[in-house]
Amino acid sequence: MKEQLTEEQKKFLTAEGKVVVKACPGSGKTYSVAHKLLSYIDNWKDYHSGVAVLSFTNVASNEIQEKAQTIHGSLGELGYPHFIGTVDSFIDEFIVLRYGHLDTVSNVRPRITITDTWKMPYGFWRKECHSKGCIDNIEQFYYGIDKKFYKGNEPVKCEKRNARSLPCQQYKKMLQDRGIIFQNETALFAYQLLKKYPMVASAIAERFPVIIIDEAQDTSVNQMAVFDLLSKSGVKSMFLVGDADQSIYEWRNASPECFLQKVEDTSWQTIELTGNFRSSQNICNVTSYFSASLRGTKSNNAIGYWKDEVQKPILLLTKNNSENDTIDYFIKKCMEMQIGISPKNVAVLTRGRIYSDTDIKGLWKSAEIELYAKAAYEWKYGSRKKAYENTEKATYCMIFNEDTDKYMMQQKIREHTTEESWKDFIINILINIPDVDMEIAEWVKEFSTIFVDVCKNCEYKISPDKEIKDTFKIKRNDNKSPDFKKISLKKFFEKKNEEKYTRSSIHGVKGESYEAVLLHVKSRTGSTITPKLLMEGELEQELMRLAYVAMTRPRRLLMLAMPDTKGIKTCGRFSEELWTYENL
Ligand SMILES: Nc1ncnc2c1ncn2[C@@H]1O[C@H](COP(=O)(O)OP(=O)(O)OP(=O)(O)O)[C@@H](O)[C@H]1O
């Protein structure tokens, strides 16, 4: 298998030390990471230390595991001493939960949560704390490595008060004093802990002498600080594999700058993967103009099956055409190119979510009831596995009043009950779950009763901090769809009626490949992807990176549809040499 790797990929395979892998779209990041992992574990002799392969979502981690299995053939589940999982679960499990008690008030084991399920009574909340929504969103507040207090990506600005300690900071302290840490704070907590106890940092470095981080452009400043400390504390090899041009998770604190700093840092070796297995050279030539690292001065090399596809990307200029007209035009073009029209081959992408009549904003009053409702749908019409997973997650929140990732959840379940009893309990909920053909309001009512009964029968106690009537609840009124409560639950989860092709937001297709992609830019105005943004916008901004992710998905046909705009033909990014201009 190894001989199939490109020269660039081989360089990564044999590299050691501190290494950044700057990888272009379609360069086989997951494939290369899987090979790298196998290169270690094939000859691994140490029982007490292992390789950690980290990514940002469970889906991405599973992909690496699956890829490794496909390459190897007879690998089996990769377990101790190695670890394949998310950056969050690595930090939580191996640092915060294992050593966190060293650094909490009264030395309690920290509790990690995603949302504030405690809602502690706190008398000093001012009116504006309510009206600005700060109270209900306390999980969005956190301290940065720079000691500033943040809400989302911005330092907290509370113009109404100049107190030394803001109410939100005071509330945060109350939670911290009880050992409660939000998921977005665990990296900072871990960083401070490792700084204070260098022995802990050395112990972790010894436990994981090799750390590989995939999609490393999505690392936050705080997470990178943790890995920097580990690297200084004895980790033998650390690999950051990513593409800064594809960082589209700023709202989750992803900081592509951290990744770029490592590329600049001479103490890190940089390896570039510039061969694109996915797209044609014609597509690579065009997309290079929208990449901050290439800036149209050079292109990635198309090296895959469709590298010589002659069809140039199409710039379709529209004039008040309906969306359907635009899509029809695109589909016709796909057919001309003999591309089979299927969701696997063809994708229509827009920015943001796709709305339909049953998209009722704020429908579910808690994450738990939404998970149960989805589970009910999956149980009857979709995947039983998904139904089980959703029910398990929601039930865990109901019983333990904690919202955490899968890995942590399983640890705690094992601590408190037997796996068998827990499984029976979840299955019991699913067997008794009301039918999704029921009207949604009725369904929620019925489910509440059934849930309480099943808990009683299976001898599981609902957390005293969970009020059934507040948790199993849906919105009261909706101006746009006043009769929404009468719609059957089934209708809310039925797939949008797009069997012919994939229709998705750009975030939804990150990491995917299609034969043909239509990126539909609908409007000239707004803080979204507009013709003006594409023509002259800064390349180092998230909207541009979103456009880049979209444009780098197709193998053969990229069509960009947008309103005809003055000056487009003279704009370097849309040169007639690279694009075929068509009008609708
Ligand atoms: N050496 C190789 N030989 C043949 N095919 C390869 C090789 N390396 C990668 N590929 C294939 O290239 C395709 C693109 O790989 P992959 O989806 O992992 O790219 P990527 O780098 O994650 O892309 P993106 O960042 O754009 O999502 C996959 O089908 C993969 O199997």
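Here the Cβ of each residue, glycine as well, is placed from N, Cα and C on the backbone.
Marked as domain 'UvrD-like helicase ATP-binding' by TrEMBL: 2-280. Among the features that TrEMBL reports, ATP binding site is placed at A23, C24, P25, G26, S27, G28, K29, T30.
Sequence features, as recorded in TrEMBL, placed on the structure.
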| residue | record | CB count, 10 Å |
| --- | --- | --- |
| A23 | ATP binding site | 30 |
| C24 | ATP binding site | 29 |
| P25 | ATP binding site | 25 |
| G26 | ATP binding site | 22 |
| S27 | ATP binding site | 25 |
| G28 | ATP binding site | 24 |
| K29 | ATP binding site | 26 |
| T30 | ATP binding site | 19 |
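If you take every residue in the domain 'UvrD-like helicase ATP-binding' (2-280) and average the pLDDT, you get 89. Annotation note: S27 (ATP binding site) sits in a coil segment as assigned by DSSP.
In sequence order, S32, D243, L273, N276, F277, R278 are the residues of the same chain, not among A23, C24, P25, G26, S27, G28, K29, T30, whose CB sits within 8 A of the CB centroid for the ATP site.
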